[in-house]
Amino acid sequence: MTELKKTFADQKRKTVETAEFTEDGRYKRKIRSFVLRTGRLSEYQRQMMNDNWSNYGLDYQTEPFDFPAIYGNHNPVILEIGFGMGKSLVEMAQQNPDKNYLGIEVHTPGVGACLAYALEKGIKNLRVICHDATEILRDCIADRSLGGLQLFFPDPWHKAKHHKRRIVQPQFVKTVTQKLTSGGFIHFATDWQNYAEHMLNVLQSVQSAVGIRNISETGDFIPRPDFRPLTKFEQRGQKLGHGIWDLYFIKN
């Protein structure tokens with residue numbers, strides 16, 4: 001590898017910004033920039049990013065992505081925010097060749113691992129982004145262009161003073177719903193009950209305004225769906241004795 005190539009994966013580890021929201025969920029400001037302390041980016045992960053980004057990677061841009069041109073078809077696009085090491089995302093892409101998957105992850109070791117697994121499985125219907133999800137939603141995703149949004153085991157930000165950092169806020173749900181086609185879904189999963197209740201409250205608070213409905217027969221959570229692969233974070237939660245809560249809403 002040339003020195004120029006080596007800098008590509010490394011520059012993705014540069015400072016990123018974290019969004020802050022007001023108590024009613026409106027976007028407020030970027031509260032701080034921080035260097036991601038994500039552990040060592042292995043040489044193999046670095047090589048996967050350097051050598052395969054042109055096939056699997058998408059970069060931030062100031063206009064919406066042209067999904068038919070990117071994927072070469074008009075299949076539904078499913079966006080997953082925070083795919084971790086990417087194993088479950090790759091598995092879903094493999095199991096659903098009639099859908100296109102787009103994953104966002106800011107941790108470069110996870111991005112590198114995801115690309116390696118996608119390459120191993122010969123996945124063609126997957127693209128990944130290493131950038132702040134709020135900016136991607138705002139600038140790169142056209143309205144009514146997504147078939148679904150997946151958010152599995154996001155950071156729960158346990159302390160009450162940090163709850164404003166939680167990604168699931170009213171404005172986030174409103175923005176996501178704008179990006180969904182009619183019949184598109186929102187699927188959240190968490191192993192923290194407090195965050196599960198927070199997610200449910202947020203979804204219920206805006207569902208009439210944005211036109212989404214809960215498919216749960218009990219009006220809250222759904223049983224764990226078989227189509228969602230078991231993630232590393234879910235396994236960790238199970239070992240700690242945590243419950244698992246899934247939410248699934250459909251856009252009218």
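Every residue gets a Cβ built from N, Cα and C, even glycine.
Site annotation (Swiss-Prot, ligand substrate) includes LYS159, THR231, LYS232, PHE233, GLU234; from ASP59, ASP66, ASP98, ASP191, the additional listed residue is ASP191. Cβ neighbour count for ASP155 (active site): 13 (other Cβ atoms within 10 Å of its Cβ, all protein chains included).
The secondary structure of PHE233 (substrate binding site), as reduced to three states from DSSP, is helical.
Other residues of the chain with a Cβ within 8 Å of the Cβ centroid of GLU80, GLU105, ASP132, ASP155, the S-adenosyl-L-methionine site, are ILE81, GLY82, PHE83, ILE104, VAL106, ALA133, PRO154, ILE167. Neighbour list (ASP191 (substrate binding site), Cβ cut-off 8 Å, at least 6 residues apart, same chain): PHE153, PHE233, GLU234, ARG236, GLY237, GLN238, LEU240, HIS242, GLY243, ILE244, TRP245.
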